[in-house]
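Structure first, then comments.
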Amino acid sequence: MGINFEVSRPKAGSDTNMSNTFHTIGLIGKPNHEGTNLTLKRLHHWLTMQGYSVLVEERVASDVGSHTHSVDLLEIGANCDLAIVVGGDGNMLGAARVLARFDIAVIGVNRGNLGFLTDLPPDTFEEALSKVLEGEFDTEQRFLLEAEVHRHGELKSSNTAVNEAVLHPGKIAHMIEFEVYIDDKFMYSQRADGMIVSTPTGSTAYSLSAGGAILTPNLEAMILVPMFPHTLSCRPIVVDACSIIKLVVSPHNGDNLEVSCDGHVNLSVLPGDEIIVKRSADTLRLIHPKGHNYFHVLRTKLGWGSKLF
């Protein structure tokens, strides 16, 4: 059901500092987190004083104040021009899986650890955010994955992932058997603890920890990374982003298998199931302050060496 906002758009000729780029801004954050709450309150006050219409995601609205417009994440996607996510990369991933289906720009304020997807500093966001709101920003289109579980020829469950879809055992780690097909062409059979199918966005996350290569965000590619394969010759492989990945689970496996999407959503998998992982039709419109340098982010977050000369 739609919502009617009395201050959703500025009147022509009104006295405001707003640019024509963004008018209605959604605030999303990590619930029950003291640092996030402080930043959300500052953001809400600052944006309101600038003349913007501000909507606050319902899980954090009460922490921001009783005077806020509280809405769910879908309403932020449908009604806002810009979403600001306060938290870590995990919070950004959760919001992005929903917001990617809408025509909305997304930017992050880092209240987490690494913060590959959250650029703005929590204590001094005003200067950088002011320039973004004036239209000075860089845009990246990040594609998502769609993971499907098929059983006896029928679709049983599905979900989307920004980072990765992972086939793995349930609560107890053990080796599983499965076959891997790329565009219906058999690639290999595998005995391993699982398989990671990652986007370029996810290549600095779980995939990296499992020995996968880093893919720059603009690459139209996916990377498949076996988890603890029972062979010395099996290595990660990069395939075209339009490829359709099929994992066929051996009927001899135990019944406690899952497919995890970004580590947040788990799809149950039974022996004999087929998992299809493909590019989603949804795309996340991630924006950064002007001059954003991906390699500077990598160097800073991963502790790479600085320039020697």
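Each Cβ is built from the backbone N, Cα and C atoms, and glycine gets one as well.
For the recorded site, D89 (active site, proton acceptor), the DSSP three-state label reads helix. Around D89 (active site, proton acceptor), the same-chain residues at least 6 positions away in sequence with a Cβ under 8 Å from its Cβ are G112, L114, G115, F116, L117, T118, A205. Marked as active site, proton acceptor by Swiss-Prot: D89.
Annotated NAD(+) binding site per Swiss-Prot: D89, G90, N163, E164, H174, R191, D193, T204, A205, Y206, S207, L208, S209, in sequence order, evidence recorded as sequence analysis.
When secondary structure is read from DSSP and collapsed to three states, H174 (NAD(+) binding site) falls in the coil class. Annotation for the binding-site residues N163, S207, S209: lowest Cβ count within 10 Å of the residue's own Cβ, S209. If you take the C-beta of H174 (NAD(+) binding site) and look for same-chain residues 6 or more apart in sequence within under 8 angstroms, you find D193, G254. Packing around A205 (NAD(+) binding site) is summarised by its Cβ count: 24 other Cβ atoms lie within 10 angstroms of its Cβ, all protein chains included. Spanning the listed NAD(+) site, residues D89, G90, N163, E164, H174, R191, D193, T204, A205, Y206, S207, L208, S209 have a farthest Cα to Cα distance of 31 Å. Here the Cβ of D193 (NAD(+) binding site) has 17 other Cβ atoms within 10 Å, regardless of which shown protein chain they belong to.
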